[in-house]
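The next block holds one structure in the form of structure tokens; read it before the comments.
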Amino acid sequence: MSRRDEKNSDNGFEAWGGYMQAKISKLEEQFSSKASKENHVSDIFKGISIFVNGYTVPTADELKDLMAQHGGVYHTYQRHEDIVIASNLPDTKVKNMSLTNIVKPEWITESIASNQLLDYKDFLLYSNKHSQPKLKFQKMSIDKKNKKELSTDSWVEPINNVDIERPLLDSSYVIVDSTNSLKDIKNTDTKTAVDPNFISEFYSNSRLHHISQLGACFKQYINDLREKSNFIFAAHINLRDRIKSYNQHSSFFMNFEYNKIIMHIDMDCFFVSVGLRKHPELKGKPVAVTHSKGGLSQRKRSGVNRSVEFELYRQKQAGKLIKAGVAINDIEISTRIDNIGDEGNKFGSMSEIASCSYEARAKGICNGMFMGAALRLCPELQTIPYDFEGYKEVAYTLYNTIAQYTLDIEAVSCDEMYVHCTDLLKNLNVSPEDFATVIREEIREKTGCPCSTGFGGNRLQARLATKQAKPNGQFFLTANLIEDFMFDINLKDLPGVGRQTSQKLESLGHQTCGSLQSLTLASLQQHLGNKTGAQLFDQCRGRDRNPLTYHTVRKSVSAEVNYGIRFETNDQCFHFLNQLSVEVQSRMQQFKVKGKCITLKLMVRAEEAPVETAKFLGHGFCDVINKSVSLLEATNDSQIILQEVISLCKKLNIDPKEMRGIGIQVTKLEQLNDKLQKSKGAISKFLSNVTKDERQDKPNLCMKNEPVSPKRPLLSPRKKSPILGPSRSPSKRRGRPPKNSKLSTSKNLMDKFLQCPAIKNEFKSPIKNKFKDVEEPKKNIENIETKRIVKSGLLGLSWKQVRELLRAWFDSGQPPKQCDVNMIISYMEDMICNKNIDKLYILINFFRRRIQEINNEIWNEVLNYVLEQVQSAMMAVYNKRLYFED
């Protein structure tokens, strides 16, 4: 497989297919009409047509007017006979174009000034054979061959103080002429992915890496705390005493929806707040956390064409909106690159702002904005560096402060969490307002950083309440406030509503939740799809069906680098993949997992994109290519991972010089030594009994009622099976099932499984503590076939056997268990990796139909979770979702 096939390329413009030719004709008619109405000045360019490529002075619009006034023709889309007007072209364009008709715009302006048509050959952009200079990023050792490669071109080397965001210690460049001696450049090493220390330096200085790792770290931290805890909190006494001494609103009653009290805690301007502890002199000023030094101009690099690259980003954004159903006339493209200047001025910095103070936000600056655009809005903006150790220290203090009072915590990131406070406040007998005040004071005293809290009846309400509370405040979204509160909430403030969805809704005439409430569920699903439509129908009314997730199960482990990827050979690429595989192994060991599906992710320079990127050593405008492989056994061995990703890389056959980003992702994870995995569910037990009936007499495991998803607890531990009960044995059946019936065969097999006395007993006795695990008795399985089936689960059965087993599972009346659902998801993910999409489609439709027939809330939650995991796997393997009709 080579680059993405053009016929199947998903760049967002497929919908323009037969429309383009009509559009071109319309534009030419508009130009002719405009030319006839313009004040005719001369016929200097009569019989001549031009096409403007890229940024020019005068601009394309000005040249269009000049051609209309002086008898020429301006084409928006290039024709074979056109003279190309350009001031600068990237190497990738020039090498595919004839150089004999690329002319500078001065040819037009000087011809008009002299009132005659001048010879365009005197204004050729390239008067000789093309030899556009390239940047040579190489290692420190420079031999004669490397020196020769410098030719007469400039060598761009990083030294100190350039304002570019990159995870390297050196951060600026100087132009070193090729005639300089080796002494002048021996210490000016440009570090790219070829450097053996690149990955360690990249991850030690990458803000995105630290943010994601800290977030994952605290999710695991809560998992570990809950596993080790006896859920007795001695600190309650001290907390109650402090609140009682505060005693402001203890008697004030607040009624929240669903009789639940969910608290959302979010640190205010986290990176800035932590950074200001070392820079107190900047408090009260507009401050941004970024790698950039701020306001330093950059020298231009050869081959960079920001106007072309930025236009590609805008076109891609427009394509996504068109694909999402937004009408062309309603599209307004607004991106981060709109106000970025050229490299040569102080507004050209493409260093990203990770966090900014409220004083900076008042000037229009926001997180994620490029430094160049921010300086236009606020020239006095101050910058401070990252303090990764400080972030870690404050984050641990935040989590430990809350964890001493309750472990009903859903970790979101290093500075954000949800807390289920219903039982806690009841036990303390205090008001939410007093509790919030004391907790916020304690966090500020310990960390030196402010935080805001929001309270509501569900996670959505709590999160929106926190937005209302900021900065450094608290807000309580009680039941009586919800209707009025939600009416004015902007749709783009709802979680999950991104740019495309927001613009789609705006094109339909809706910008607020109150406005959207006028649409029916069916109408929303028609415009946005079933899942998104149903989600927004609930969200705009303040509803959120997702409970808090106390135990987080990792779905994937990955390591990706999209900066500094510049290879010359495949060997360099393979060497980097080796380093990245080791990094993935380290992360998998940290999270105690192995995985069976390995995905290689590549960012490849798009053919129309400039070779040199607008951001120094950035990835630029790319095509994203993913390719996966499934293993028979789960692994976290770096050498096995390396072997598979190198094999995938060779199959893709990508020119290493075109690579701009590389990532390795491992999915279909299995926990190592995880107590949760010791619990067997119905399907697991059933598989264990398929080939060995005598095992009925042996002791069996009790089923532990773990939720299918941390987001969706399925069944209370005290609920019994809706079919089985103490007064009726599940083994008794009336009548004889029809012969030669596949369904009856499956039911008979399930009946054998249900006859086990240990299984009957477990449904009579509720599990008292869902956090305590029952040890699995050791079993001596002698039958080889039984071992194979039990070990491989559904993957050890044929397609027909799986369907019949699922049918029996649905008909058994037993509640779903976590391990059973995991087994089904694993089977479906294996179908995805092996490209059995047709069978997967049939299986999921069968799954949906049977659950709809059951019409049970618990099973509906199972269906939603399974579909969620399937779509995640589809995105990881194919970068596309599976489409289902109602």
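Using N, Cα and C of the backbone, Cβ positions are placed for all residues, glycine too.
TrEMBL annotations:
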| type | residues | note |
| --- | --- | --- |
| DOMAIN | 40-125 | domain 'BRCT' |
| DOMAIN | 262-498 | domain 'UmuC' |
| BINDING | D266, D415, E416 | Mg(2+) binding site |
| REGION | 687-747 | region 'Disordered' |
| COMPBIAS | 730-739 | compositional bias 'Basic residues' |
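For D266 (Mg(2+) binding site), the number of other Cβ atoms no farther than 10 Å from its own Cβ, over all displayed protein chains, is 19. Summarised as a single figure, the pLDDT of the domain 'BRCT' (40-125) averages 83. Take the binding-site residues D415, E416: by the count of other Cβ atoms within 10 Å of each Cβ, the lowest one is E416. Same-chain residues that are not part of D266, D415, E416 yet have a Cβ within 8 Å of the Cβ center of the Mg(2+) site turn out to be I265, M267, F270, V412, S413, C414, M417, C451.
Residue counts for the domain 'BRCT' (40-125) by DSSP state, with H, G and I taken as helix and E and B as strand, are 30 helix, 12 strand, 44 coil.
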